[in-house]
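According to TrEMBL, the protein carries these features:
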- 138-147: compositional bias 'Basic and acidic residues' (COMPBIAS)
- 52-92: region 'Disordered' (REGION)
- 122-147: region 'Disordered' (REGION)
- 245-278: repeat 'TPR' (REPEAT)
- 284-317: repeat 'TPR' (REPEAT)
- 497-530: repeat 'TPR' (REPEAT)
- 531-564: repeat 'TPR' (REPEAT)
- 565-598: repeat 'TPR' (REPEAT)
- 599-632: repeat 'TPR' (REPEAT)
- 633-666: repeat 'TPR' (REPEAT)
Amino acid sequence: MVPFNTVYRKMMQNVHLAPENDEDDLYSGYNDYNPMFDTEDLENDVAFQQAARTSHGRRPPVTAKIPGSASSRPLATGFGPKTTLPSSMGRPMTGGIQFEDGVSRPMTAVQAAGYTKAAMRGSSFDPLGQARGPAPPLEKKNSDSPEEKLRQLEKKVNELVEESCVANSCGDLKLALEKAKEAGRQERELLRQREQITPPENINLDLTYSVLLNLASQYAANEMYAEALTTYQVIVKNKMFTSGGILKVNMGNIYLKQRNYSKAIKFYRMALDQITSAHKEMRMKIMENIGVAFIKTGQYVDAISSFEDIMSISPNLKAGFNLILCYFAVGNGEQMKKAFKKLIAVPLEVDFDDKYISLNDDLHTNLLLEAIKNDSISQMERERKSMAEEYIMTAAKLIAPVIETSFAVGYDWCVDAVKASHYVELANDLEINKATTYLRQQNFNQALETLKMFEKKDSRVKSAAATNLSFLYYLGNELAQATNYADLAVNSDRYNPAALTNKGNTVFANGDYEKAAEFYKEALRNDSLCTEALYNLGLAYKKLNRIDEALDFLLKLHAILPNSAQVLYQIASIYEIMEDPNQAIEWLLQLISVVPTDPRVLSKLGKLYDNEGDKSQAFHYYYESYRYFPSNIEVIEWLGAYYIDTQFCEKAIEYFERAALILPTQVKWQLMVASCYRRSVPGQGATVLN
């Protein structure tokens, strides 16, 4: 394309302007040169063609040719048909542009893409520079330089601190302390070397702080409290550690563990003074620790002040419960009521409505609700709610007997207070707990009246009350009433394991062991950890002479309750039925480690050893049984016979005389005494009968 400036300049050379004062001629001269704007006859315009032939130095180079010929491709000039410019015109085309003054500027805009003069001369196209060969290798670090040695040493210190923390989290406290000590030694060596080559302001204070803090924490975890306090003092007294003051809380915790409550309170208060109000939660926790320390020292008034401040600023369950304990300790009933109301008003941030109930039959929605019903957040909500209910129940049982004139009135006040809060369901549990308290006080009539009030309540509460009523009537040997209330409990809530267990007990008492076992198994299907059902099922199978199954269930129960005396005794009894005395003795030995003063277990061991022919062990356990219960005729008879067999008749007289005192109407024991006298002193036995 021909530059427009060149064309315009050539055309203007043919323009003849009129004199400036002749406006008419000026107009006529302008109008006469209409071809200046005419592009139709440029091929016959001599001036334009001359300009086109001499303007090749200002055009881009011709780089393409027609295949099979030496002529160039036609170029569009923008002013007419395509014009072919021969390559022989002027100088050869190069990678540059030549201006009018003859100065040539190289074309460098394409060098970044790999186009060079060498490529124009016929060399291969190499935009990536592969012809230059591989890149030179990276320069190796000088491991002998002081800076590199310091970096490696600092890296090693950080690794030791991390390893110490990991060992602590895994429970290996000894290894964690060793790693922390090694990190401290390496960090001191790092400081010594750094001071030799760098100014003091370049010391890594964060590394020093983390090493000392970890070391103090590991000392405390290993109960090396003196060393931990010394290390914390190093951090706290160093003004360069701006956040060291908060560690006085840790020092207070150590003093609390050492039962040095006055120093614990001192350090808690010092830490509280250095923590701003922006850290509200931290301040509340420190104030709670101060209150606990005051309780430990018996300063309940000061503890009340701390807990009241917490409940007014940021109420929580622990502080509310501790406040009730303090008012209970000072005997202030009215303040106990106020504190109880504050406790049940603590916000839990838990949705008490059942938000996981599906309101439609959408399969996707139901699957989603089922998936999130037991996720970690739901479990946390349930745990928080359960903890709140436990605090409230414990507080109600504590203050009910003292806030009013009687236990019943106080409990009624607590129930009314709970009903007015969002713990509505807990009020029913409190009522049932009230009946249970009546049972502990052996006030069975009041317990029955309280429980009968729930017969018209909702199914869950009705089932719980009917279960307790069935249990009461069962203890009173009123099987008809026990059966009625057991049926009511099961019909109200078929998934209540306690109700099913009680129903099984009533059937068991009537001798229908197969049906009782079915109820026990149904209770276990609803709650696999129902220990009562598991124990009773073992007894039912024992009654049915299904010894192996009974043993299986009792062994499962032993895994859940390893120190249960009843379970150990039943397992030993089953092994005795299976004629395996060695196993029976082994389980009875475990049993006497739980109940070492049980005379029946000791006599049972003595009998088993006697059957095995081990008279010395039998005598030991029979004698121990006699020491704890000297009225067992079987034990007395065995000990007397043992002394007669060993030719110690004088000692046998003591046991037979005791048997004669217990059973004076039986002549047998007096005859035994006479026999012993006759064997020991001949001729003196007849006087005993008189």
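For all residues, glycine too, the Cβ spot is worked out from N, Cα and C.
Automated prediction, rather than curation, is the source of TrEMBL annotations.
Same-chain residues lying 6+ beyond the ends of the repeat 'TPR' (599-632) with a Cβ under 8 Å from its Cβ atoms: 569, 572, 576, 581, 584-585, 588-589, 591-592, 638-639, 642, 658, 662. Sequence-distant neighbours of the repeat 'TPR' (531-564) (same chain, 6+ residues past either end, Cβ-Cβ under 8 Å): 497-498, 500-501, 504-505, 508, 513-514, 516-517, 520-521, 523-524, 570-571, 574-575, 577-578, 594.
The predicted model assigns the repeat 'TPR' (565-598) a mean pLDDT of 93. Counting residues of the repeat 'TPR' (497-530) by DSSP class, helix then strand then coil, yields 27 helix, 0 strand, 7 coil. The DSSP breakdown of the repeat 'TPR' (633-666), given as helix, strand and coil counts, is 27 helix, 0 strand, 7 coil.
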